[in-house]
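Heads up: the structure comes next, in structure tokens.
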Amino acid sequence: MVKQTIQIFARVKPTVRKQQQGIYSIDEDEKLTPSLEIILPRDLADGFVNNKRESYKFKFQRIFDQDAKQEAIFENIAKPVAESVLAGYNGTIFAYGQTSSGKTFTITGGAERYSDRGIIPRTLSYIFEQLQKDSSKIYTTHISYLEIYNECGYDLLDPRHEASTLEDLPKVTVLEDPDQNIHLKNLSLHQATTEEEALNLLFLGDTNRMIAETPMNQASTRSHCIFTIHLSSKEPGSATVRRAKLHLVDLAGSERVAKTGVGGQLLTEAKYINLSLHYLEQVIVALSEKHRSHIPYRNSMMTSVLRDSLGGNCMTTMIATLSLEKRNIDESISTCRFAQRVALIRNEAVLNEEIDPRLMILRLQKEIQELKDELALVTGEQRTEALTEAELLQLEKLITSFLEDQDPESKLEVGADMRKIHHCFHYLKKLLTDKKIHGPSRAPSSKVKDQVNQGPSTEEEYKKLREILQQRDNEINILVNMLKKEKKKAQDALHSSSMDRGEPRRSQSSPFPPGNPEGLRTLPLSTPTQAQDSSVIQYRSSLLHRKTGVREEMSLGRQEAFEIFKRDHADSVTIEDNKQILKQRFSEAKALGESINEARSKIGRLKEEITQRHVQQVALGISENTTVPSAPDPMEEKLRLQLEEEKRRYKTMFTRLKALKVEIEHLQLLMDKAKVKLQKEFDAWWAEEATSLQDATETEGTRSLQQGWWGTL
């Protein structure tokens, strides 16, 4: 058992504009606990003499200033917790702070650069790296991703997320057993055998999160999310299993509605966020009081799920994210006060070991059966009772596996029970009889079924063709509208250029030259480079289609519209930059692979030379009838030094190649994430254009009917 208080850390978010000096200071004396001092500037509007407090001082395990890197956050905060989870203890890391203070960036990471990876992807990489090194145990890893939105739980890894609305999805509910253990109904567990599978699950869950734009943050997460890694380990042949879980929690940020001024759905979300954080603070206050008998865990879903993490069997760490700008000073002070209360809570982490009940039951049942068989053989007693259904089913399984086994020396072990032996012979006779009777007649019946089921009706084909024709008409109309907009954009640019400089110049904003009505035929998709890129992307898009449900097949007109939409999108620059970085990393990995092969060959040659040199020295001593000199051979020593140098070089290059592989996989995930976002926005825009076009067509038809009616009158 490990007894310790919750560890608290602070991280200061970099400011966008230049920060005035003296608003906070960090004291990191090696002998004392690091402390953060927040200084409130005196406001002359309150009068020259006032009793307002001018500075606040808070202590943390460590304070990370604005220039702290993501790697330093992981090494100092997440890595010790991950090591304890690998040892069999439960762990939790949660980020707390106001909205737009950097919680999601700290926990999940940024989506632009590989170095911006957050705690979750770095922890996954570290855990799977350690699992590969330890071959003495059998490890099993499962992933779950829970979202708590407006006090309702949803499974972010549910495959129905893409095709259903939030109201139609099954809600995750909290159940409690008699031992007060929490169980989550409708929350799926997905097995991840590699780091890539785990990162794909993280990426899938992140695309399903509730995100909205607020006055404080352009991409504010409107829900609490709990990413959980379930880890179980067992030594081969042992019945003892170690189970541990790691909660990585990204809490939604608290916000003052009076300051942000939000309304409508954003106001409803802010109410639920602030209410759940209020219940979390109630639990923290109750736990920090020594003689408190009741802890209000059941007030909210979040506190119920995190019951073990708060004052239970868990090693918990909190990260207080602070935005130390003048307008956010009050919220930052509140966050620091909350962290000081959290630091008073003491958890008792226990090593989670248990005897696997299934293995014990199977072992005892097998032992009982063996003893019964031995007893029947010794006493000569004939057993007259009939075999049970379970015993018959087990015998049939044994016979099936025996017949399917290709080993000619395999045996059918059913024991000394004559009832089982007789049943095995009867079952084999039945199988042979069925094969002789029903074997030849199966093929014709299947052929008849195929002939009956062949071909759809003519009416269905006609209906399908009409739908395709209507879709093509809509695509042509949308493309014509896009062409008109691009032409107008080009003419406006030409007109403004001639007004400013006095001479017309070609507009840079149009995707094809002005005055070219057939410009859609010369889109960049037809160039060799784009064709090559699209073929490279096809494999990745098929993976996305399986994991996210994004539609990938598009008609030619829709593809052309998508290319224009993609070129004008804000994320196109980021996608191109990541593509260039990915090409560089591929080239570097290829060059490293060639260098590694060369180093391996050189090591082999050096070993052969050393062996030959040693054999020559021994042969020379035998021919001259002299003993081998005790002094080392300088030539052999030189070869050995070269061999050690090549081994060090080989190890360095191999380590770099492994790091490059991880970086390449992460960059591919970032590109996939950006492409999924781009595809979703294009689908929404395309549907909006099609709807407006259909409304305009209906309005035009109504107007022509009215004109015809008035003409008849």
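The backbone N, Cα and C atoms fix where each Cβ goes, and this holds for glycine too.
Note that TrEMBL annotation is computational and uncurated.
Predicted, not measured: the structure shown is a model, and the values here were computed from it.
What TrEMBL says about this protein:
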type	residues	note
BINDING	GLY97, GLN98, THR99, SER100, SER101, GLY102, LYS103, THR104	ATP binding site
COILED	643-677	coiled coil
COMPBIAS	524-534	compositional bias 'Polar residues'
DOMAIN	5-345	domain 'Kinesin motor'
REGION	437-460	region 'Disordered'
REGION	487-534	region 'Disordered'
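Residues 111-112, 114, 117, 121, 125, 195-196, 199-200, 203, 206-207, 537, 540-541, 543-544, 548, 550, 571, 574-575, 578-579, 581-582, 585-586, 588-589, 592-593, 595-596, 599-600, 602-603, 606-607, 610 of the same chain lie 6+ residues outside the coiled coil (643-677) yet bring a C-beta within less than 8 angstroms of a C-beta in it. Spatially close to GLN98 (ATP binding site) yet at least six residues away along the chain are GLY253, SER254, GLU255, SER323, ASN328, GLU331, SER332, SER334, THR335, judged by Cβ distances under 8 angstroms. The C-beta environment of GLY102 (ATP binding site), restricted to residues of the same chain at least 6 apart in sequence and closer than 8 Å, consists of ARG11, LYS13, THR321, SER323.
Per-residue pLDDT, averaged along the domain 'Kinesin motor' (5-345), amounts to 84 for this model. Using a 10 Å radius centred on the Cβ of THR99 (ATP binding site) and all shown protein chains, the other Cβ atoms total 23.
Counting Cβ atoms from all protein chains shown, SER101 (ATP binding site) has 27 others lying within 10 Å of its own Cβ. Long-range Cβ contacts of THR104 (ATP binding site) within its own chain (separation 6+, distance under 8 Å): GLY118, THR221, ASP250. Using a 10 Å Cβ-Cβ cutoff, LYS103 (ATP binding site) registers 26 neighbours.
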